[in-house]
Every structure is written in structure tokens, then in C-alpha cells.
Amino acid sequence: MANIKVNLPGLSLKNPVMPASGTFGFGDQKYAFDLEDLGAFVFKTVTPQEGLGNPQPQIFVSQDWIMNSVGLTNPGVEAAIETKMKPLRLQHPNLPMVASIAGGTEQDYVDLAEKIDQAQVVDALEVNLSCPNVAEGGMLFGINSQIVERVIANIKNKVSLPVYAKLTPNVTDIAEIARAAQSGGADGISLINTVYGLEIDIKTRKPVLGNNAGGLSGKSVQPLALRMVHDVYEATKLPIIGMGGIYSAEDVVKFFLAGARAVAVGSAHFEDHQAAVKIVQALPELLAELGVDDINDLVGQVEFN
């Protein structure tokens, strides 16, 4: 049977599949599968204070894509650590766990990272850079390479946990942003986050989401995600957690060929709550069919014309 174990900074995974942040909240619900079947668990993003989310409706589902404006609904970092992260760690002491953080200022990110690092409940940090920077008039942190480098560097100076920079695709040159994260000391890169989009109801002439615009995900974004994963792989060679329209074991192989070393599954769970686990189950057989003994051998091996 083909090897599907992978190793990334701070994360020794028995398989390369994890849920994207927010997919399964804080892991405190009842699921139709065992969390231990996942390669890792990624918590929903936490913020300095409680987040109430955006106006309803928050999600619109189309045939090939999903648009959401859920917002960063969470109890705040301190409550999340005590009531969400610590209990899940006690239940699953051997399951690799990743905390996702987002702030409104550069100092917010540092404070969040320090609190989670000191709590010793997760194995890695994912820094969600797709958030408005209050000091810069609401401009997303992740679109300015200098700010990205500074945020990551400031976090790395304060924590011992491995740091993964989660990049927004809403930029002109994703490689430039990835190089900035690398210069700041990032241990790895997560991408892509959702694509900023708008859907309109022609009968009401209004956006379908309560917050108007939202994040586009699903099958339709996969080609964009693959291109960006490969761009970042070529630019940095940092370990990449790839995401964006992953619905099958075949999709996982595509992301590895593009340069990813692990993947996160999100929108597929709107169709099937067991999507990630089913992908894990199908992966060894697919690799055998492809004549691949070790999934790690596929990383970055796409052959261009």
C-alpha cells in the first residue's frame, strides 16, 4: 500500500488531509466520522474578542461554487482556548491540531499568537491574512508584502510554534506575497483562501448575501488554486498546505503535483460531511493505480509542455 504519511514543520501527519479552518468549527459537534481519521484538525479562526459574524443570509450555494460571508464567529481567543481547544486536546491527545488567528491590527496578531503559544494546546499556527487592517483603512493585510513580512516576523519573534501564513488569492502577484512571508520567517504557507466575489438576485436586484460580497469557493476555484500553489512552490519551496476546490483523491494528487505537501478540504463538506475522510480512504488505491509508492514523491512534479 502506498505511503500517505507526510511531515511538515510541527505536524507529523498519518495522512495529508485536514479540514479547512471553519469547516468543522471547534471540533465540539457530533460528526459522522472519527476526527482521528483526519491528518490534522484546523480550528475555526479566533479573534481577540468575541466575533458575532455577518448579517444573514451568510451562505449561497450554486451548482459549482459556494459563496459565504459567515464572518469570524467565535467566542474570542481566551474563551476558545479554555472551552474549545483544551477540551478537544484532552479528547484527542495524538491528533495534530492547528489554531487559526485573525486580527484587526498588527499587534492583535502578535497578542493572539502569544496566548495560543503559551496555552500549549496546538501544534502549529495558521495566520489568516485575509482580514481588514484597521490602521490602513480596511485594506486586507495579505495584499501588502511589507505588512505580511512584518506581521509574520513579529509573530515568529514571540512564539515557538511553527507559523503558516494563509494567503489571500485577491492579489496581483501571489509569489511576491509568499516570498514576503518567507522573509518574515514563515515555516509554511496555506493557500488559497476564498476569492472575493459578488452574486446578484435578478428578481430582487440585490446581492444574495446579507453582507453583499463574500468569499467564493468550491470546484470552480480549483484551477486558480492550483496555479497559485505552483507559483508559491516555485518562488519559495516552503511546505504548502493547498486548498481550493478539493473534492476527491484525484484533486489531492493534482495539488501535490502543483507543489503542496498537504491539503485542506472545505466546500466539499457542504455536499458530503464525510468528504475528507472518504478522500483519505480513496487515496492509497488511487496512488497504487498511478504507480506511486509514496505521495511525497509527487510534490512539485507537474510536467509542463
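Yeah, the Cβs are placed from backbone N, Cα and C, and that goes for glycine too.
A TrEMBL annotation is a machine prediction, not a hand-curated record.
TrEMBL names Lys44, Asn68, Ser69, Val70, Gly71, Leu72, Asn193, Thr194 as substrate ligands; from the candidate set Asn3, Asn128, Asn133, Asn144, the record adds Asn128 to that same site. Site annotation for FMN in TrEMBL covers Ser21, Lys44, Thr45, Asn128, Lys166, Gly218, Gly244, Gly245, Gly266, Ser267, and the matching candidate from Ile147, Ile189, Ile192 is Ile192. Counting other Cβ atoms within 10 Å of each Cβ, the binding-site residues Ser69, Ser267 show the lowest value at Ser69. Here the CA atom of Thr194 (substrate binding site) lies 10 Å from the CA atom of Gly245 (FMN binding site).
Between the CA atoms of Lys44 (substrate binding site) and Gly218 (FMN binding site) there is a gap of 18 Å, rounded to the nearest whole number. Neighbour counts of Cβ atoms within 10 Å were taken for the binding-site residues Gly71, Gly218, Gly245; the minimum is at Gly71.
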